[in-house]
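> Right, I'll just put the structure down here and ask away after.
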């Protein structure tokens, strides 16, 4: 939908603007009115069919004024057709010509009593609508002045038996009233047009937004009319049914889908059907009516059954996660009591070695269980990532110094290797440090640090900055890698199986990726691919 430009025809009121196309159309209507008026005045004179009042005082002056008026109208036709010069100049010129020549026709017809002055009122009204603003008052003032000058001239020249100044004053006042009324009407028309234009823009934007949303939905959408003809389909539906042009019947595109649609129309409670495409892809179809308009329009939603089942599974897992967090919270207090009681029992002087060993087992497993609970609660409390722009190398170096100090490690335990200095990254600093700490803690526990330093390598792969944690542990087999990031999966009898799962969840929360493998001939290890701050800001 294209929106035409607006113009300001009155130089005294720049804020008053009207639609250009509508303005030129209105000026054309005013021109045709003037052409009909001028042609009628001239034609009646030469046919000797004038009423007694018109031209009765001075036929020569009437003929000259009427012919000059008609000639000026013909001259105005050329610039009007070319729309050059500007609209404001042409509209003002036509109104000024009326104000100049109609008083001469009025004088030739016997003055103000002839009633010709009413024609000036129409011109003033047209000027108020076409040009608007303060120019309407100017037109009214000039028309009133022209009538008054005509009356004064007739009085000084003793042209008529009597002059009527009060009538001239009332006629001038009516011009001002007409001008003010035209201003109000023009202003309301302008406001209505602005509201209509804005609503048109809003409707167009809403249509574009709806179209964008529909086209980018993962579910296929078919809009079907009351005759079961396809009226609209998005890209997802066209991928599922490539031979589904608009206005084709649903039965010819997918007879099985049409059968389920007919069953739903007969029994709306049976909403939903499982079917397959021509290439065997399983789908789930849902039907609904769009609004309550007549004739009705129906929407058919086509969803990949695998995606639907995955979403249902994710919903179940989310509910299970909340339940697990609630259970973990309830277990935490009794577990703390067990752990505390075990520590007190361990300090008893009369405790034997075997009993002391059993107490130690209780304390160790209570600590392990407490670690599981802490991880579960931490996972359930995670919020939105508060991403910041950070220098990767400096942030990693600062964290490494803190980590070595907390763990009591020597300077040779970790090696920070910067292959290429990447740009700044966009992550939540707390999440970033927690992920790296989980990876480094695993490397210390399972990566045989006695064989050499654990390498923290910073580089870029396929344009993405990454941090790799490389240790000396044995490479993982394919089956272990497949389940590596699943919750509670562990190859150790002392591990909880939640560290890598939490790390991957935190990475995805920051639009990062945590993977295990090797790139560019490096040793196998964990790699955290991070979002580039510069690319992220451009994408936003």
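Just so it is clear, glycine is given a Cβ too, placed from its N, Cα and C backbone atoms.
Annotations in TrEMBL come from automatic prediction, not curation.
Just so it is clear, the model here is predicted, and its values are computed rather than measured.
The following feature annotations were taken from TrEMBL:
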- 31-49: transmembrane segment (TRANSMEM)
- 61-80: transmembrane segment (TRANSMEM)
- 100-122: transmembrane segment (TRANSMEM)
- 129-147: transmembrane segment (TRANSMEM)
- 167-186: transmembrane segment (TRANSMEM)
- 326-534: domain 'Histidine kinase' (DOMAIN)
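Show me how these features fit into the shown structure, please.
Long-range contacts of the transmembrane segment (31-49) within the same chain: residues 55, 59, 62-63, 66-67, 69-70, 73, 76-77, 80, 94, 98, 105, 119, 122, 126, each at least 6 residues beyond the stretch ends and with a Cβ under 8 Å from a Cβ of the stretch.
Within its own chain, the transmembrane segment (61-80) has Cβ neighbours under 8 Å at 27-28, 31, 34-35, 38-39, 41-42, 45, 54-55, 90, 93-94, 97, 101-102, 104-105, 107-109, counting only residues six or more beyond its boundaries.
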> Under 8 Å between C-beta atoms and at least six residues away from its ends: which parts of the chain pack against the transmembrane segment (129-147)?
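Contacts of the transmembrane segment (129-147) (Cβ under 8 Å, skipping residues fewer than 6 from its ends): 9-13, 15-16, 18, 23, 26-27, 30, 88, 91-92, 95-96, 99-100, 102-103, 106, 112, 117, 120-121, 123, 168, 171-173, 175-176, 178-180, 182-183, 185-187, 189-190.
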